[in-house]
């Protein structure tokens, strides 16, 4: 009965247990699974999945009824096998995270978890008549056959180009119907397509086999319903393969939400059908499936429920189940959190039946036992009252003593005017000086958290710019930590918008985004539509980071080139040595000093001066030809020795 749940996120799954219809399983808006007993009208079991907020339940299917001897408590019940009847035990739940949870009503706990198969959300689950096999269809366009004995998948195949939104297994367990927008019939032995049926323009949400006859007898029929479609189409599986169009159509007032039918085993037996539409009405049909019928069939009877007020308001029907008696129908109506279950006898001779029920009284009676009485706490004079909300949004409440209250009651009987009340509230900022009175109430307008919330609510760019311009990490962390949860998503949207702007503002916004993700990850992870909320931010970050790897490679290459250029410049500066001598040492410098010291002597020889001049000229020529003529060095040495001898002679004289 996975098809009953549908694929729309707005439709909450609600399914009766097979055969005895003893239990009603449904998932409400809070993500919890509740199983109600239809006989006692009480809550039988409640199960809270670990990820009931992030991975909400999308579809429910009851497993085939089985005896307890096949269950997990087989050894304890061996002596009572004859007394035990078949009961509905296992319940399969598909989640938006792609996992399938198997819950056992006999144990009152989770039986097993089937994961690792789907990459998208599960839209439909369907049991095989053999209770050890389960089929699931997902947004990832695949169908998986699960083996519950091992908890692993036996096979997986691609069913359609679009998401698989509905499944149904034939009564003999040989055929499987799957649908996205095209309905396909699969042979479960070979996993190959047996037939294709086209005719719906939107996603098919409901598939049910209407007859139990074999496919090669021209007597196998099934029906289908699609989203936003006010018709139920009946298809015939013909032996010659000429089954392109639907043979019968049932008219509805809205999209089908829940379907229950009694199958036809022969041509002489009519198909009984109960359809609950999205508008909350129930339509009953009865038809003999024997070939095509051109005219759409209108319902045999339409049932509505309204309250007992002066201006009646319709009460939506959630699910309906046909009983063995043709006149009795089991109804579930009201709210998903607290449904009302009732067996009703309906006179099908009337085309329209309106039932009046007082839902409020029945809800209050059933809820009275579960809700405990609220006790008012006694506030002490010394206790400090904490006002909910942001710090700074409301002035602190002072706990007054009992004596002052008595005095007020005796002396001051008049109520304070609004002007007097405003006068008592000090709106000025609290002075930080030591002499300032303590405990004065003030509204902290300089608090960044208050400013940020005001800017997000009023969409004031000036306030937001003032807050976002801060660069202090501690201020950013404290501001984000003080934000209420309702302001987290608007802040993320504003950060996303500003990240797409100038890179200078993006640098500042990254700090705010980091602080938001550090403080509020648990809240963001609990959002069911997290992908749509953060999709723009994720794609923008991915596009920005996509070039980072290439830029780092380019940066590395440029750094390598620059270092090589710098080292080559340094090597060139070392090789270009200045060849001009800083200091020249000459051996004859001592002779010049002696000669300069003898200038005033009267007996100086003029020939010596001439020889010295010629020697200097020879030395200059020798310096130029020093590398070419090594013999010139020896000559100069000889001349030097001769000069030394002449000078010594002159000194002796």
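Positions of Cβ are set from backbone N, Cα and C atoms, glycine also.
Noted in TrEMBL for the protein shown:
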REPEAT    115-156  repeat 'WD'
REGION    389-414  region 'Disordered'
COMPBIAS  404-414  compositional bias 'Basic and acidic residues'
DOMAIN    459-561  domain 'Small-subunit processome Utp12'
COMPBIAS  586-630  compositional bias 'Acidic residues'
REGION    586-653  region 'Disordered'
COMPBIAS  631-640  compositional bias 'Basic and acidic residues'
COMPBIAS  641-653  compositional bias 'Acidic residues'
Requested in this report: Could you tell me what the rest of the chain brings near the repeat 'WD' (115-156), counting residues at least six beyond its ends with Cβ under 8 Å?
Outcome: 2-3, 5, 7, 58-64, 66, 70, 90, 92-100, 102, 162-169, 171-173, 176, 178, 180, 186, 191
Report summary line: Mean pLDDT across the domain 'Small-subunit processome Utp12' (459-561) comes out at 86
Requested in this report: Work out, from DSSP, the number of helix, strand and coil residues along the domain 'Small-subunit processome Utp12' (459-561).
Outcome: 86 helix, 0 strand, 17 coil
Query raised in the report: Which numbers of helix, strand and coil residues does DSSP report for the repeat 'WD' (115-156)?
Result: 0 helix, 23 strand, 19 coil
